[in-house]
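Novice: Pasting the relevant annotations from Swiss-Prot:
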type	residues	note
MOD_RES	2	N-acetylglycine
ACT_SITE	136	active site, proton donor
BINDING	189, 303, 332-348, 444	NADP(+) binding site
ACT_SITE	207	active site, proton acceptor
BINDING	279, 280, 303	divalent metal cation binding site
SITE	303	site 'Important for activity'
């Protein structure tokens, strides 16, 4: 071969077939190798040093040693200094903190991910509390709105109506074969921002970066997908920079057939055990897809099930503060879409299992308000099917404040996607009814939150137990510091995904979501409670995810839905051993 190239041999494949690092075959020996063992960084059958530096999986930037530079023909292509990964991390964080605009930070991080994958994930893991609002909510919402303008390089797989009849061929274009997790969106309901069409790709990309950083699933096992069936957003259709199909959304039979082809192709290409997470689909499609495919595929809807699980975890944890069981509470929701009804159903299921009462009876303690007012029996015939179980006997009530005074809830939960709907009068009414009102303003992004942390603490005179969907800064009130909790799905889905992969699950069941909720609630300490928190700090997220994965895995084995046999003796250790490490490897 030429002097500037390296010949690859078939002997490079190492590691056992079961694999670690997120449950896929360890093709490059990167995770089965200890940190001081050498791995071979070949990208293609013949790779030059120049190519090596431009592959984000293997690029180490200025961390290539002199020996590695000589061996892989990099000498002279980099400045002479050799920097450790820790120094590189400090440098990048210093540069990120110079940006005052969150979107600029987001773009800088995405650029890093496309240049140096391991440094990106090390940065995210070590600085999760600071960077989580950048790579995900709330900043990712703005990134999706402006995705056409900031688009640089393709991330993920785009499957549009133009590919109808050949989706399997498109899936085979993706270079990685051992896919374990797919996050897919059709962009119709991105956060609280509505129909962003093809520009919703930022959501699957962001979610999967968190599957890796927080749950330890290997980046090469993750596949972000956007299904482009058009958009009804006129601004995007008239925007010359829009990157998707410029046509109205397909619906009805055309939509159903396209999704059917997609789901069949996924199963055919990646097998029975690939986890498909539906993300930010509109209500009418989200419930239908989950119901249709839950018995034939390993599917999960984060908006319905992930949100439900994380909220239930907060409610379980809050029992220690309030001294009440879930069955003692009365719940009132503002918002009766995917999130609201999903949370309500999981709460009802948990109470049913605790009390032995039928779920139809436990639902009666849970009330929902939609855009037309309180959901009551006389509205049942006109309600969408997923709202009908929540239509209880009561006279019609139009306004939220009137509903609070009529129902007298102990817990107020906002999933409306409409900001400032928990008004001063509503929050003060909750404080009048309860010594410690539990208020969850869950809508994302921050601008769509039903109320702010400061408003909740001020209007209840510091008595509220508060959590939100997007982050809020600590609040000083009456000489005391209150730290608002964040009911972020990121607590649940990375550990849940790892648990499903680790056990070789073939289906997702509600009992697994309950197990995840209980595992998360168990991680809240007395110190957290003293600071007003009902969720643990994100700084411990990998430990939290390992515990959730172990609980989900245990439940999967218990239900007979696990295929990785025999069951490991210590599931927590198994989860920790499966986690991807972003530390640089030494190359031969």
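Just so it is clear, glycine is given a Cβ too, placed from its N, Cα and C backbone atoms.
Give me the structural setting of these features: burial, nearby parts and distances.
Specialist: Sequence-distant neighbours of residue 136 (active site, proton donor) (same chain, six or more apart, CB under 8 Å from its CB) are 206, 207, 210, 490, listed in sequence order.
Residue 303 (divalent metal cation binding site) carries a helical DSSP state (H, G or I). Note on residue 303 (divalent metal cation binding site): other Cβ atoms within 10 Å of its Cβ, all shown chains, come to 23.
All protein chains shown were included, and the count of other CB atoms within 10 Å of the CB of residue 207 (active site, proton acceptor) stands at 27.
Within the same chain, residues at least 6 positions away in sequence whose Cβ sits under 8 Å from that of residue 279 (divalent metal cation binding site) are 183, 184, 185, 203, 204, 207, 301, 302, 303.
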Novice: In Å, rounded, how far does the Cα of residue 342 (NADP(+) binding site) sit from the Cα of residue 280 (divalent metal cation binding site)?
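Specialist: That separation, Cα to Cα, works out to 14 Å.
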Novice: Hey, how far is residue 348 (NADP(+) binding site) from residue 280 (divalent metal cation binding site), Cα to Cα, in Å?
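Specialist: One finds 24 Å between the Cα atoms of these residues.
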Novice: Note the Cβ centroid of 279, 280, 303, the recorded divalent metal cation site, then list each other residue of that chain whose Cβ lies within 8 Å of it, in sequence.
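Specialist: Other same-chain residues near the divalent metal cation site: 185, 189, 190, 203, 278, 281, 286, 301, 302, 338.
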Novice: Please identify, among the binding-site residues 189, 333, 336, 339, the one with the smallest Cα-Cα distance to residue 280 (divalent metal cation binding site).
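Specialist: That would be 189, nearest by Cα distance.
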Novice: Name, in the order they occur in the sequence, the residues of the same chain whose CB lies under 8 A from the CB of residue 189 (NADP(+) binding site) and which sit 6 or more residues away.
Specialist: 195, 280, 281, 282, 283, 286
Novice: Could you list the residues of the same chain, at least six apart in sequence, whose Cβ is under 8 A from the Cβ of residue 336 (NADP(+) binding site)?
Specialist: 368, 369, 370, 375, 387, 390
